[in-house]
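Report on one structure; see the data block that follows.
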2 protein chains.
Amino acid sequence: MSSHPLDPLSAAEITHISSSIKEKSPGKSLHFKVISINEPPKHLLRKYLIAERNGGSTSHLPRLASALYYHRGTSDMFLVTINLSENSVEQIKLLESHFHGQADVDEILEMRDACLKHPQVIEAIKKYQLPDHLKVVCDTWPYGRDSEDHHPRYVQCYLFAEGEHPGSNHYDMPLPFSPVLDMTTKELVDIIRLPTGPGSELKHDSVYVPHPAREYHHALQSGPARTDLKSLTVHQPQGVSFSVDGYLVRWQKWRFRLGFNWREGMVLHDVTYDGRELFHRLSLSEMFVPYGDPRMPYSRKSVFDVGDIGAGVAANNLALGCDCLGSIKYFSFVVSNSQGQPVDKPNAICMHEIDDGIGWKHTNTRTGAVSIVRSRVLVLQTIITVGNYEYIFMWHLDQAAGLHYKIQATGILSTAPIDPGVTVPFGTNVNEGVMAPFHQHVFSLRIDPCIDGSNNSFVEEDSVAMPWDESNPYGVGYVTKSQLLSKSGYSDSAPNRVHKIVNPSSINKTSGKPVAYAIHSPSKQMLLAHPNSWHGKRAKYAFHPFWVTAHKDDELYAAGDYTYQSHPDFTSDLAAWTAREDNTEDTDIVVWHSISLTHNPRTEDYPVMPCDTMTVSLKPSGFFEQNPALDVPQSTQKGNQSVLIEDKSLKNVLGGAESRGSGRDSKL
Amino acid sequence: MSSHPLDPLSAAEITHISSSIKEKSPGKSLHFKVISINEPPKHLLRKYLIAERNGGSTSHLPRLASALYYHRGTSDMFLVTINLSENSVEQIKLLESHFHGQADVDEILEMRDACLKHPQVIEAIKKYQLPDHLKVVCDTWPYGRDSEDHHPRYVQCYLFAEGEHPGSNHYDMPLPFSPVLDMTTKELVDIIRLPTGPGSELKHDSVYVPHPAREYHHALQSGPARTDLKSLTVHQPQGVSFSVDGYLVRWQKWRFRLGFNWREGMVLHDVTYDGRELFHRLSLSEMFVPYGDPRMPYSRKSVFDVGDIGAGVAANNLALGCDCLGSIKYFSFVVSNSQGQPVDKPNAICMHEIDDGIGWKHTNTRTGAVSIVRSRVLVLQTIITVGNYEYIFMWHLDQAAGLHYKIQATGILSTAPIDPGVTVPFGTNVNEGVMAPFHQHVFSLRIDPCIDGSNNSFVEEDSVAMPWDESNPYGVGYVTKSQLLSKSGYSDSAPNRVHKIVNPSSINKTSGKPVAYAIHSPSKQMLLAHPNSWHGKRAKYAFHPFWVTAHKDDELYAAGDYTYQSHPDFTSDLAAWTAREDNTEDTDIVVWHSISLTHNPRTEDYPVMPCDTMTVSLKPSGFFEQNPALDVPQSTQKGNQSVLIEDKSLKNVLGGAESRGSGRDSKL
């Protein structure tokens, strides 16, 4: 075993695991859901990582993996632990029947096919009277939940018509009926007529009405592309500033290990700056996307994009010069398919440096001395496609010891059919016959800190005006007020409230106060669905922006391990973990940050959405004794090779009244 | 007269104006404060600009300027209007005695000199027993206000000791006394002992205590600079994508005129996108910086950086490759000095393009077709130095018709002396003997819109859950709720509340709703000083993030025209204008956005502060019928010339336990 305990599984390991399990299941056809590395228990892993960082000898850690699979054609789902070091299958567990596996890629393709081939669906499409040049395609959605019923695993199929071009925008032609299929039996359960009027009333005999298309693909635009965008290229003539060995990355005093799995996608492990420990593990724990259209079946239109589908399996193969500009290092990974075979995820993460403007500057106006450094940032980027939507997830690491988690939403709005002339208060019309409903995206960023070590606390800090009294005689003084969360629980946002992860035992000699990292994130509206709605009960984490728990190894996913059609009564989730009221003071804690994007579509978001960006920053706040970017070299033209643009090169085609002159040569 | 009515004054014009005024003031020595262009009345200017844009004939607009000056050595301040077209001085007005001119550069140098040469100040410095190698320097601060008294124009001098190097950080050695001088007579008014303990108690006999220095200048660092930062350069081999004629700029469907004046610095005029009107004028109206230390004299430590000093006069001469990276166009301007002479402000604004990641992307997972464009942004940047602080102001214009106002704070914290072992709740100790008090920066961005024309309205829009009833049977629906501000007034922030400027007469055919631009800005804590404090009464605009008024030509500055030692009883400010309760529905309105940065210093912000960034975005919201960046060409490696970094080039000096391997080649 030469692999690091945190390295993702290799193709050979995946094949070995599925073969071993198949051997133990004679006569059964297996449908694999997951084959993934099991990270070692934190208390062992931390010792290993510390020894490794210090160049000491590392204890042997068994390399463990787990697999999740169905007996094909049944709802019997098994969870297996495999010890790769000892080449043994440690435990096979039949899971309780209310747990469902995520929708995997093979299964989705199978369900799309089964849907479109079903005679009743074919009949419904025929009745809709589409013209011959349009082809119907099927998007499968996790069924969600809108009742107590313990359904088998269902899939909700939304149908669209598309043209022949491979970039045709089928979301521009949503069909007004939606088949539901059983994922185990592949049988049709129902064809649901979609509401297309202002309310819930249904039109059972509607037929196709053409409208001018809105296409996003370049080949399908009616007008020409812009011709006045000149090329901009980024070069690093001396090479890049990072070094990489396997999944270990070093850059500008940062050191961390990159991880990747089918579910969370990109993970950062063991993040240190200048040799000091900051974060044990940083990951996208969950993402919930509920829609605000109250009508059936949209009322259950809600997806846990991480738990129901997986940010890792949905990762794009990133392309040089398109997804990433400059000098790019790619990381490729392997996931598994439903047969238990390895599937390459090439270029799933890209890493490169960008210039991010000025890092810091001061001019001494007495002497004219200018001190200036530019800000260089290391970008780790992964992009996922989940049906219509694209999400870009990035970590930006800066030279002043700040980490910035950037989420960008792009891709295509989820659309619904709407009758001519109708508008609804919970959606925006984006084309004739096409409505894009309001929705939210609530991400959960799991922050497993080790700020100068494992024992940390979580505090909220407000700026508050001092009372107007003898110590504040002019009424202008203000101070900060801190509130420690000594037991697991949640904390809400307030304008300027700063949440900090503190190490109470590590005192900053300069400030005299405990070292801390602060989480800066804009105050956002949380889940708008009612707390007692199924959305509310299944995604409790989405009601509060900050949560803190005592660390436990198996608590990784804010909405629970099995989110597909999850029922709150059987789900062990963040709300349940915090309800234990564990001690969270000066101990091994985990901080969970729910980041909410309320997306009420604009017409400008269609037919493809300009990136909408949210940023959460983890910044030192009294962690270092002084600016940690003080040793960044002064910025110089010699190194940066900028080009002065002379006026004469700019006097382009501005004719007539427009060329009236600059006033620079004017005389009185 | 060949100049455009909006062009800043030329050097010749400035000289002509001061000469004309001097001629009319025989026997008087004049101290000029301001010589600046007067923009034409909006109703005339709009006609002119529209005709100009449409290539029609433009009516003649007289070019007007104004000057503000003192009879030197007196407090008699005069405001003059000059008609440059007719070469006439139109009006000379003696202003009332409670109005004071801003602190100009010549005067500041004179006051510093007068302070340090005053025998009582020399005596106080002597008593403080500084070692010989340290030199005392003086920072002048606007006196502010902490009483009803009608003082003459005062200046508060804060003293510091510095070493010999031109980049020495004098803020690291604040002296514990502060002279106050009369700016008219240059006489010493008082030397105020600064509190250095936990409360207001004073030590009158303290002497210099050495401490290890914290220096920001590269030459003064004790350790070496980083050596592992490789060069990163940006190239535009085909040239830039913008065109410029004088102050008229065109880029990627954007067209606007750049303006500049001593007070607001950079101004954008007549901003259109794809021929449609968006904003008549965008400017930094004011910036207030009050400190949270409640003790005298810090209780009056507060500056209107725009009105008391001027963002234009404080603008840096930007340097190629340092302040700006890539292919850079600079704009230079001319301001005036106290003699009425022109003073060059070379390279006060830089303009260049940057790559800003991905613009939009979608992958059709059925066909594998990838549509992707990168986001190109036009950056207009100006940087000002106000004593210790630096502010970077940028407009980022994107290809999807968004404008982003970015404010970055950097430079050096304002510091105060503190006794060993003492901490205070309203400041952070950043070095031995050095405390950085909490403070706020409240900027006022003046937005004079013309969204599809002059008649606009201002609305606040919230996302609200629908009641759980028969139209929302699952409790998951939500809608938006709009509130129109039909009369001038203010509006507060709320999480996800979006403020929109709407043209009620221009209907978006796709959405069926009036076109709008939205203002996206994080919800922030506003002014913490008490509303009845002098800070509160002098900067009322700082209590609410959004204000709307009916447009009036002479209402440009949120805290009034004359902010220096301003008294609220004599100040016509934003609060007074909104109190008129003018109609602001479907008419010519101005929106004022107060952007608050509460800065409780970190140790990491010293001795120089990594840029802290705030962004306000003006984005189309149902203004266009579809994504306005749809015609941006597909991104290609051919144009972008990125470089693949191979693993073998990255295996640097990672020795020992660290090189344990990637797991990619591991075998079971």
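Every residue, even glycine, has its Cβ placed from backbone N, Cα and C.
Note that TrEMBL annotation is computational and uncurated.
What TrEMBL records for this protein:
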- A:D305: active site, proton acceptor (ACT_SITE)
- A:Y389: active site, schiff-base intermediate with substrate (ACT_SITE)
- A:4-70: domain 'Copper amine oxidase N2-terminal' (DOMAIN)
- A:105-191: domain 'Copper amine oxidase N3-terminal' (DOMAIN)
- A:233-630: domain 'Copper amine oxidase catalytic' (DOMAIN)
- A:Y389: 2',4',5'-topaquinone (MOD_RES)
(request) For the residue listed as 'active site, proton acceptor', just count the other CB atoms lying within 10 A of its CB, please. (result) 23
(message) In whole Å, how far does the CA atom of A:D305 (active site, proton acceptor) lie from that of A:Y389 (active site, schiff-base intermediate with substrate)?
(response) 10
(request) May I have the DSSP-based helix, strand and coil counts for the residues of the domain 'Copper amine oxidase N2-terminal' (A:4-70)? (result) 25 helix, 16 strand, 26 coil
(message) Using Cβ atoms only, which residues of the same chain lie under 8 Å from the residue listed as 'active site, schiff-base intermediate with substrate' while being at least 6 residues apart in sequence?
(response) A:V289, A:A409, A:T410, A:G411, A:I412, A:S414
(message) Under a three-state reading of DSSP, tell me whether the residue listed as 'active site, proton acceptor' is helix, strand or coil.
(response) helix
(message) Looking at the domain 'Copper amine oxidase N2-terminal' (A:4-70) alone, can you tell me the average pLDDT?
(response) 94
(message) According to DSSP, collapsed to three classes, what secondary structure does the residue listed as 'active site, schiff-base intermediate with substrate' have?
(response) strand
(request) Go ahead and report the DSSP secondary structure tallies for the domain 'Copper amine oxidase N3-terminal' (A:105-191): helix first, then strand, then coil. (result) 26 helix, 28 strand, 33 coil
